[in-house]
Amino acid sequence: MKKIGVLTSGGDAPGMNAAVRAVVRNAMYQGIEVFGVYNGYEGLIQGNIKKMELGSVGDIIQRGGTILYSARSPEFKTDEGQNKAIENMKSFGIEGLIVIGGDGSFQGASKLTEKGFPCIGVPGTIDNDIPGTDYTIGFDTALNTVVTAVDKIRDTATSHERTYVVEVMGRDAGDLALWAGLANGAESIIIPERAEGFESVINKLKRGQARGKKHSIIILAEGVGSGVEYGKKIEEETQMDTRVTVLGHIQRGGSPSGYDRVLASRLGAKAVDLLIEGNGGRMTGIENNVVVDHDLLDILNKKHYVNMNMYELSNQLSI
Ligand code: ADP
């Protein structure tokens, strides 16, 4: 293998740049040319591909977002789109592709591999919802963003004796809400995997109220429902002054944490090694602090589980 491509796809995550840097630098270190594909699979179809130099990835390890841009590409889901992508890569002499993204992006990488074009997936998403890796790139940074925001909300919740519902990202996965809830000492955590009955949230608030507790924080993963609706219902049921904060896209941005930079560097570099060794259809990951790789199709057929022990612990600690 003499030429490889790299792209970022799907929702952006802090640390994607550090992963791109690791891919480019590790490949060049081993005498391989790297082509950056801009705008994800859309750029692959349109031939938006440029040769990367050592300097192209200078000064990006600390930057959030992705210098390669990201996009969603409905056309890439079609056979014609995928064939066009392969033709474009071949016209540049590219023989293998590294895809940094979430499970949707891995579906695409798996399709290209099935068509004989080897791809390696690098898990980059703030949701931490990919099986086969303890952490995804971006999760740690997003978690710290949420924790810092909720600390600030807690100050005003205490001063005004209010109940706050904080809606965080997580359509299908509750990791961000669960970890933030535990880290912020939230009274209740509501996640898709265990949508704690509304009743029990209310009961807990009422128990606290009876004890003289005057402020509470409830962390809600967006996939369960709207924070605004939850806030209204809570105020109706408890008569407590209730406010809602939807953290939104600030959770996606920002300079990656030290942990995410290290993770991205390790997983990005490993992806290059896998391609050089002649692999395709693999995903890199981290398990017990060891860099591992798994079959991409196996990963796509597996389900990610949240750590329910942490959920129980949070309940115990917030009685
Ligand atoms: P993420 O990677 O963050 O989960 P998406 O689910 O939006 O993000 O997927 C990113 C892109 O991956 C899509 O826009 C599409 O081009 C491609 N993709 C998603 N699912 C498939 C699929 N089943 N087959 C081929 N390509 C897919």
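Every residue gets a Cβ built from N, Cα and C, even glycine.
Bear in mind that TrEMBL entries carry predicted annotations, made automatically and left uncurated.
Record note: TrEMBL gives Arg21, Ala22, Val23, Val24, Arg25, Gly185, Ala186, Glu187, Arg211, Lys213, Lys214, His215 as ADP-binding, and the candidate from Arg154, Arg171, Arg252 in that site is Arg154.
Checking the candidates Gly11, Gly15, Gly31 against TrEMBL: the one annotated together with Arg72, Ser73, Gly102, Asp103, Gly104, Ser105 at the ATP site is Gly11. Sequence-distant neighbours of Arg243 (substrate binding site) (same chain, 6+ apart, CB under 8 A from its CB) are Ala157, Arg162, Thr163, Tyr164, Val165, Gly231. Only Arg72, Gly102, Asp103, in sequence order, out of the binding-site residues Arg72, Gly102, Asp103, Asp127 have a CB under 6 Å from ligand 1. Considering only the binding-site residues Gly11, Arg72, Ser73, Asp103, Ser105, Thr125 (substrate binding site) has Gly11 as its nearest partner by CA-CA distance. When secondary structure is read from DSSP and collapsed to three states, Arg243 (substrate binding site) falls in the strand class.
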